[in-house]
Amino acid sequence: MTTTTTTTTSDEPTSTAALPPSTTTDQLLDGNEPEKASNSEAVSNIIVENWIFAPIAITIQKMNVNKNQQVIHVDYKETRKEFLVQSLIPFLFAGLGLILAGILLENAEGSYLFTQLPDAVIMVPTLVGLKGNLEMTLSSRLSTLANLGFMERRKDKMKVAMSNMALIQCQAIVVSSLAVVPVLLIGEQPISFADTLCLLLSAVATASLASFVLSVLMVVVVIAARKYKLNPDNISTPVAASLGDVSTLYILLTVGTLIVQMRQFHVIMLLFTLTLFYILAATGAVMASKDQFTLEVLKNGWWPVVCAMIITTGSGYVLKKSMLAYPPIAAFQPLINGLGGNLVGVQASRISTQLHRARKNREIEVKPMWKYLSPIGAFFKKSEDALAAQILLGISIPSNLLFIQIIFIVGCGFSNTIGFTISFLLVCAIQVAFLLYICQILVRAMWVMRIDPDNSAIPFLTALGDLVGSLLLILCFWSQWMYFGLPVSAAQLANHKFGH
């Protein structure tokens, strides 16, 4: 892998951001390059360009309106082998982490938290999905900044790390507060004020603690990747997933159990603790507002995470019902949803970085959208994106084959069959292929609509992956039970516990 440093000057090709208002992308694609705009025109167009949710590249342009200013641009010439190795190793670790999450989730059915508050299980996909969305958007943001050369000096690293960790704390605490709403709306058990307070504090504390741990991990991974000349886009997302799901579940079970045990005697203390978390969120918002890269996310980055949480709530309801019908499904649910989200997160982060880099270099950013609509083209056209999609889809099949064997070695209540293995691999491949196809459209569509894909595309893709993965997994178990007599129903597995 080679690393090149490019100096951006006034002689560089003109960007769509620095063109006269009458200039269109189609003109550039047809080879009709307009006359180069003056510096004053470029500045004017940068200022008036209306973004619903401005990405990092636009922030950079506003910071560097003087085109004679030197800007460090770090570019990667990544080979197929390098991408495969950099993606595969973290992905395998992520799979092991998701298997541990599955073990923990099935054992959690008999935990004190879920026996006292059975509807709390609805919050699990919501909190895990929230953690995933925040950490993957964080890793995508950090990867973009690192690849654009904004994390080269120690001072810059500290500034980026502190502002982004403050932002994540604010988002995690505020959005996790909404995780209780689905329990109140679709929960099947009567719930008191003390129970509601316990669920709210459990969700907020889990999101805050998990986000802090994983934010530190993300910063370290991205800095280490840059140090060793690796592409952080390929590494940071799977590494976060390797510990993210299992750590979130463990924190929820531990903290939630402690809080439930305190509810009858220390309600005032629980209220005081919850207030401290909201003060922490406000402090994080103030810190994040002082950095131009996180200020935009703080102002406009809420709706993607909230919309993704609403979609993931459907996954929570599906998970609760499916665990009642097919208990072993809990061991496989984190695997199929987590791995699909990880793979599409890598692809979304790569495409987003390409768009940011093209904007910073004043190059053509997005071709006409109809060129991205072909499912065949998403995997077989001669392009960097199609090659990456092939590799990511190819990684998923043998990896899932390995992971389900580990699950059966640990024990999940029934013996593996060739039919189940084929069925599981098929639904995993369908999910990943679907997400990769949607990814190439959604990321660029958001860019064209002036919405930052770094912070908006990944939450939608992972939430969609959770919902589609859960439905496909239920179809897999139902078909094996209905047509092949596989003993996976609740009646056939009474009193079963994972690992026995």
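For all residues, glycine too, the Cβ spot is worked out from N, Cα and C.
Per TrEMBL, the feature compositional bias 'Low complexity' maps to 1-25.
As annotated by TrEMBL, domain 'SLC41A/MgtE integral membrane' applies to 124-255 (among others).
What TrEMBL records for 333-476 (among others) is domain 'SLC41A/MgtE integral membrane'.
Annotation comment: TrEMBL describes 1-36 as region 'Disordered'.
Listed by sequence, the residues of this chain that lie at least six past the ends of the transmembrane segment (83-105) yet keep a Cβ under 8 A from its Cβ atoms are 124, 128, 230-231, 234-235, 237-239, 241-246, 249-250, 253, 330-335, 338-339, 342-343, 346, 387-388, 391-392, 395, 399-400, 402-403, 406-407, 410, 498-499. Residues annotated as transmembrane segment in TrEMBL: 83-105 (among others).
When Cβ-Cβ distances below 8 Å are used as the criterion, the transmembrane segment (166-186) is approached by residues 119-120, 122-123, 126-127, 130-131, 134-135, 138, 196, 199-200, 203-204, 206-208, 210-212, 215, 277-278, 280-285, 287-288, 294, 297-298, 301-302, 305-306, 309, 313, 316-317 of the same chain, each at least six residues removed from its ends. Residues or ranges marked as transmembrane segment in TrEMBL: 166-186 (among others).
Marked as transmembrane segment by TrEMBL: 198-225 (among others).
TrEMBL lists 237-260 (among others) with the feature transmembrane segment. Remote same-chain residues near the transmembrane segment (237-260) are listed as 87, 90-91, 93-94, 96-98, 100-101, 104-105, 108, 111-113, 116-117, 120, 123-124, 127-128, 131-132, 135-136, 139-140, 198, 201-203, 205-206, 209-210, 213-214, 217-218, 221, 270, 334, 338, 341-342, 345-346, 349 (criterion: CB distance under 8 Å, separation of at least six residues from the stretch ends).
Summarising the annotation, TrEMBL assigns transmembrane segment to 267-289 (among others). Within the chain carrying the transmembrane segment (267-289), a Cβ under 8 angstroms from the stretch's Cβ atoms is held by residues 162-164, 166-170, 173-174, 194, 197-198, 200-201, 204-205, 208, 259, 295, 297-298, all 6 or more beyond its ends.
For 301-319 (among others), the entry in TrEMBL reads transmembrane segment.
The annotation transmembrane segment is assigned in TrEMBL to 391-411 (among others). Within the same chain, residues 80, 83-84, 87-88, 91-92, 95-96, 98-99, 102-103, 331-332, 335-336, 339-340, 343-344, 346-347, 379, 421, 424-425, 428-429, 432-433, 436, 498-500 sit at least 6 positions outside the transmembrane segment (391-411) and bring their C-beta atoms closer than 8 Å to a C-beta of that stretch.
Within the same chain, residues 332, 336, 339-341, 343-344, 347-348, 351, 375, 378-379, 389, 392-393, 396-397, 400-401, 404, 457, 461, 464-465, 468-469, 472-473, 475-476, 479-480, 484, 486 sit at least 6 positions outside the transmembrane segment (417-439) and bring their C-beta atoms closer than 8 Å to a C-beta of that stretch. Feature annotation from TrEMBL assigns transmembrane segment to 417-439 (among others).
The list of residues near the transmembrane segment (460-481) in space but at least 6 beyond its ends in sequence, with Cβ under 8 angstroms from a Cβ of it, reads 125, 129, 132-133, 136, 304, 307-309, 311-312, 314-315, 318-319, 322, 326, 328-329, 332-333, 336-337, 340-341, 344-345, 348, 417, 419-420, 423-424, 426-427, 430-431, 434-435, 438-439, 442, 487-489. Residues annotated as transmembrane segment in TrEMBL: 460-481 (among others).
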